[in-house]
Amino acid sequence: MNPGAARTPALRILALGALLWPAARPWELTILHTNDVHSRLEQTSEDSSKCVNASRCVGGVARLATKVHQIRRAEPHVLLLDAGDQYQGTIWFTVYKGTEVAHFMNALGYDAMALGNHEFDNGVEGLIDPLLKEVNFPILSANIKAKGPLASKISGLYSPYKILTVGDEVVGIVGYTSKETPFLSNPGTNLVFEDEITALQPEVDKLKTLNVNKIIALGHSGFEVDKLIAQKVKGVDVVVGGHSNTFLYTGNPPSKEVPAGQYPFIVTSDDGRKVPVVQAYAFGKYLGYLKVEFDEKGNVVTSHGNPILLNSSIPEDPNIKADINKWRVKLDNYSTQELGKTIVYLDGTAQSCRFRECNMGNLICDAMINNNLRHPDEMSWNHVSMCILNGGGIRSPIDERNNGTITWENLAAVLPFGGTFDLVQLKGSTLKKAFEHSVHRYGQATGEFLQVGGIHVVYDISRNPGDRVVKLEVLCTQCRVPSYEPLRMDKVYKVILPSFLVSGGDGFQMIKDEKIKHDSGDQDINVVSGYISKMKVLYPAVEGRIQFSAGSHCCGSFSLIFLSVLAVIIILYQ
C-alpha cells in the first residue's frame, strides 16, 4: 500500500477545514494621544500663545473633548493616553498648581498618563497633591524609583505599568520618564531616575509572563529615546512619546509645523519587528490618532493614522467649555492687568529660542540687566553687563496683534517656572565651557541653547562638540563708553542668570561647581514685568548677538534642520 495514498484524505480534510474556519481577523486598537500640553486648557493661537482671532485658534480641552467623544462613539476599541508634561506653561498652572490638570483630564476620561519632567516643577509634594491623589486613571513610570521616607509615602500613587481591558482583550501600558529630570526640574533627592531601556525591559517581561501580548510604551524622554526603546526593548509593540515636541505627519501637513518624519515613524527592532513610534507635537494643538491591528499572537500587522489638527472646524464641547468658564473667573485679575504694549511680535517659540537668537530672549536679558543697574563710579558705568538665559526657559510668544497689550497672563505663559534672576561671579574659562555646552547637541531642540545680553558669540557647528565657540566677546563695564572686548579666560566676570542655571539645570554643572560667588535675585516675572511697565512700548529686535559662521552650514532654523535630516534619510535609503 502506498503510504502517501493513505494520507491524502486526511490532507483534504485539513484543507477543507482551513477554508471553513479561516484565520482569526486582526484585532484593531485606536490610540488617541497627547503630550506636552503645558497648561493649554483654553484654545490658543496657532503658535500656542493667547488666542486672538477665535476663527484661527486651535486646541483647548473643550475642543479636544469633542473630537475624543466623536471617535469613541464611532470606534469600538479606543485608548486615550498622555505622554507627560501637562504641568506648567500658563497662568492656569500658576494659580491652580495642577488641580486643573487632574480635574479636566478626569473629565475627558484619560486611560493612562506617563510622568513628564515638568510634573516635578513644584517638587514631589506638588506632584502628589493634587495630581497623583486626584486623578482617576493610572499614572505611570517604570524608571522612577523612590527611596528613604518618600518610598512609603508615594507607594501606590504611581506604577511602572498597568493592564487595561479593552473590549475582550487586554493591553499593557508601561511608562517611562526622562532620566535627565533631576537636571530639568525639582524632583528632590529621594527619587532615582534610572536608564529608560534598562528599567523598561524587566517590566515588559513581567507583562509577558502575565500573558499580555499587546504592549504600549508610553513616556516622556524625547523622540531619540523613543526610537531606541522601540529598537532595544523586546516585547514593546508601540511607542507613544513626548518631551521633544516632535511633529510627525504623513502627507501634506495641515498647519505650519514641519514633519520630522512620517506618522507613524517605523523602527525595526533588534529582533526584526516593525514598531510604530508616535508623538503629537505639543500644546494641545493636535490629537494623535493611531490605528494598530494586532494578530492573535499580539504582533503588529498594520499601523496607520495622523495627528488631527484641532482647529476651529471642530466645535468646543459646551459642557467642558462652561466648566472652563467657571474656573476662569479666578484668573481674570491676571488677564486684565496691563503691563505695557509691544508693537512687534515677541518670538518666544521653541523653534526660534532653542536654535538661534530670538527677540524674546533679548527682551528678557535686557530686563535682567536693567534690573541690576546700580553702583556706577568713576571707573565703571555698571557693576554687571552680561546676561545668559537658557532658551528652554522661554515658554511662549506674545502676539502684537492683540492691540499689543501685554498682561500678567501673557507674561506668566512666557516665564511660568517662578525662579529668580541671580547674580554670580564666574571665570571666563567657565563662561567658555557654558557656551560650548549651549551647542554641544545643537539641532535637537534641547533647552540649554543660551540667549544672551551684553555678549556676542559666534559658533561653528561643523566642528566637534566642545570646540564650537569660535568667537566670544563681552561688554566692558570698566569703561565710559561700553564696547565689546574678547573674553579673557582668567578674568572674573559678573553675570546675571536664572536660578535654574545656578543650580546646574539643563546640564550647566560647570556653573554650579565653578561659581565664585552667588547672590540670589528678584523673582523672574517681577523683573520682566517691571521693565515692561518702565519702557511702556516695546520693539526688541534680533541684533546679531548670536551668530553662526559660514562653516557651520547652519542658520539655526528648526525647519531647515529637520529638512536636512530628512534629506539625508532619503539619500541613505534610495
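Using N, Cα and C of the backbone, Cβ positions are placed for all residues, glycine too.
When Cβ atoms from all protein chains are considered, those within 10 Å of Asp36 (Zn(2+) 2 binding site) total 29, not counting its own. Residues or ranges marked as Zn(2+) 2 binding site by Swiss-Prot on the basis of similarity to another entry: Asp36, Asp85, Asn117, His220, His243.
Residues annotated as Zn(2+) 1 binding site in Swiss-Prot: Asp36, His38, Asp85. According to its DSSP assignment, Asp85 (Zn(2+) 2 binding site) is coil. Around the Cβ of Asp85 (Zn(2+) 2 binding site), a 10 Å sphere holds 27 further Cβ atoms from the protein chains shown.
According to DSSP, Asn390 (IMP binding site) is assigned to a strand segment. The Cβ of Asn390 (IMP binding site) has 24 neighbouring Cβ atoms from other residues within 10 Å, across all protein chains displayed. The IMP binding site annotation in Swiss-Prot covers Arg354, Asn390, Arg395, Phe417, Phe500, Asp506.
Asp506 (IMP binding site) carries a helical DSSP state (H, G or I). Here Swiss-Prot flags Arg354, Asn390, Arg395, Phe417, Phe500, Asp506 as AMP binding site.
Taken from Swiss-Prot, the feature disulfide bond applies to Cys51-Cys57 (among others). Under a cutoff of 8 A between CB atoms, and with a sequence separation of 6+ in the same chain, the neighbours of Cys57 (disulfide bond) are Gln43, Thr44, Ser45, Glu46, Cys51, Asn311, Ser312.
Annotation note: Cys353 (disulfide bond) sits in a helical segment as assigned by DSSP. In sequence order, Asp347, Met360, Gly361, Gly391, Gly392, Ile394, Phe449, Gln451 are the residues of the chain that are 6 or more apart from Cys353 (disulfide bond) and have a CB within less than 8 Å of its CB. The disulfide bond feature in Swiss-Prot is assigned to Cys353-Cys358 (among others).
The feature disulfide bond is assigned by Swiss-Prot to Cys365-Cys387 (among others).
Secondary structure at Cys479 (disulfide bond), taken from DSSP and collapsed to helix, strand or coil, is coil. Spatially close to Cys479 (disulfide bond) yet at least six residues away along the chain are Ser380, Trp381, judged by Cβ distances under 8 angstroms. According to Swiss-Prot, the disulfide bond annotation covers Cys476-Cys479 (among others).
Taking Cβ-Cβ distances under 8 Å and a sequence gap of 6 or more within the same chain, the neighbours of Asn53 (N-linked glycosylation site) are Ser45, Arg401. Annotation comment: Swiss-Prot describes Asn53 (among others) as N-linked glycosylation site, evidence class sequence analysis.
Swiss-Prot lists Asn311 (among others) with the feature N-linked glycosylation site. A coil conformation is recorded for Asn311 (N-linked glycosylation site) in the three-state DSSP classification, outside any helix or strand.
In the three-state DSSP scheme, Asn333 (N-linked glycosylation site) falls into the helix class. Applying an 8 A CB threshold to same-chain residues 6 or more apart, the list for Asn333 (N-linked glycosylation site) is empty. According to Swiss-Prot, the N-linked glycosylation site annotation covers Asn333 (among others), on the basis of sequence analysis.
Reduced to three states, the DSSP call for Asn403 (N-linked glycosylation site) is coil. Summarising the annotation, Swiss-Prot assigns N-linked glycosylation site to Asn403 (among others) and lists sequence analysis as the type of evidence.
Cβ neighbour count for Ser549 (GPI-anchor amidated serine): 16 (other Cβ atoms within 10 Å of its Cβ, all protein chains included). Annotation comment: Swiss-Prot describes Ser549 as GPI-anchor amidated serine, evidence class similarity to another entry.
Residues annotated as signal peptide in Swiss-Prot: 1-26.
Its Cβ placed at the centre, His118 (site 'Transition state stabilizer') has 26 other Cβ atoms within 10 Å. Per Swiss-Prot, the feature site 'Transition state stabilizer' maps to His118 (among others).
Among the features that Swiss-Prot reports, site 'Transition state stabilizer' is placed at Asp121 (among others). Sequence-distant neighbours of Asp121 (site 'Transition state stabilizer') (same chain, 6+ apart, CB under 8 A from its CB) are Tyr87, Gln88, Ser185, Asn186, Phe417.
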Asp121 (site 'Transition state stabilizer'): secondary structure state under DSSP, collapsed to three categories: coil
Least Cβ-crowded entry, counting other Cβ within 10 Å, from the recorded positions listed as Asn117, Asn311, Asn403: Asn403
Alpha-carbon distance [Phe500 (IMP binding site); Cys387 (disulfide bond)] in Å: 14
For Cys365 (disulfide bond), the number of other Cβ atoms found within 10 Å of its own Cβ: 25
Those binding-site residues listed as His38, His220, and which of them has the most Cβ atoms within 10 Å of its own Cβ: His220
C-alpha spacing of Cys365 (disulfide bond) relative to Arg395 (IMP binding site), in angstrom: 15
Arg354 (IMP binding site) CB neighbourhood, other CB atoms within 10 A: 24
